Amino acid sequence: MSMSGSKKDVESEKQKALDAAISQIERAFGRGAIMKLKQHPAEKMDSVSTGSIALDAALGIGGLPKGRIVEIFGPESSGKTTLALHVIAEAQKQGGNCAFIDAEHALDTVYARKLGVNVGDLIVSQPDTGEQALHIVEYLVCSGAIDVIVVDSVAALTPRAEIEGDMGDQHMGLQARLLSHALRKLTSVVSKANCILVFINQIRIKIGVIYGNPEVTTGGSALKFYTSIRLDIRKVSAIKDKDNVIGNQTRVKVVKNKVAPPFKQAEFDIVYNEGISKLGEIVDMGVKFGFVEKSGAHYSYGAVKLGQGRENAKGYLKSNPDVANELEQKIRACLAESMHNSDLFAVDERTDVLEEEVF
């Protein structure tokens, strides 16, 4: 027998053994428990828009990926809940069902409605304990009927033992263990249900840190590992109308991304009582891609004079929605072509990503 014939026989025996193992696994655990990827070709990942054109592009797939866990963290009043509510509003526009787990007991339905959320169809829960909140999340995900679940916030997921104990009792690591146990169960069911699970998280200052970033997020390290997307949202500056502050310029860094290249960033305006300013993004992105010409303080779109100053340009687009829609379509078309360009929206790959602290 030749060497080539012997090698073919060995390969044939290995293939038979592999087929037998696969058949045994399917009998034990059901069809679909194991498969070859060529039987299920890769498809474009479904996503839900964040409500920000720039952030959708920075995420690389046009929004938050379905079937994944997402963390949004940042300082107080930086726009975390606003961003999460915009995601809910966009999911509802697609006909999806959404839930808001209000662990902080601070949901403002009037504000949510102004952001475009259909509060009448929004499922809201205000749990008493962290265990109750995570059980509710599990039941909702397992139903397979929910598209987006927002948990606001991780820091407010108080373990039952801490609530029932005295004020001065120490419960080191209790919340971290609770989250670690819950996320082990939730990861697979979130994927199967094709649901987006968004955790809003707060930051704390770690005492005794001399070098490096002293900021840490609450809830331990488990959330850091189980998330596919981590968004760091910060206020950059105030937006003023004369002497009145009417909003904040906001920057979001994609500090972790499992579905596209990470370390990109996006900037947009959050206007009080309005949310993310899409018109402001259209002006800025229009200038970036060359559709809008900026000469000094004057903005123009072809032969159309948008106005002097950014706020006047936004005002013109607000009064002329056809022009705004035309510009937005051109910008989104350019973004679709350049979405995988690592230079677009890129930031330095710094190592100042937050650590996790056990509370």
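Including glycine, each Cβ sits where the backbone N, Cα and C put it.
Record features, source Swiss-Prot:
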- Gly74, Pro75, Glu76, Ser77, Ser78, Gly79, Lys80, Thr81: ATP binding site (BINDING)
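Feature annotations (Swiss-Prot) mapped to structure.
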{"residue": "Gly74", "record": "ATP binding site", "Cβ neighbours (10 Å)": "25"}
{"residue": "Pro75", "record": "ATP binding site", "Cβ neighbours (10 Å)": "14"}
{"residue": "Glu76", "record": "ATP binding site", "Cβ neighbours (10 Å)": "8"}
{"residue": "Ser77", "record": "ATP binding site", "Cβ neighbours (10 Å)": "11"}
{"residue": "Ser78", "record": "ATP binding site", "Cβ neighbours (10 Å)": "23"}
{"residue": "Gly79", "record": "ATP binding site", "Cβ neighbours (10 Å)": "24"}
{"residue": "Lys80", "record": "ATP binding site", "Cβ neighbours (10 Å)": "23"}
{"residue": "Thr81", "record": "ATP binding site", "Cβ neighbours (10 Å)": "23"}
Residues close to ATP site centre defined by Gly74, Pro75, Glu76, Ser77, Ser78, Gly79, Lys80, Thr81, Cβ within 8 Å: Ile233, Lys235
Collapsed DSSP category at Ser77 (ATP binding site): coil
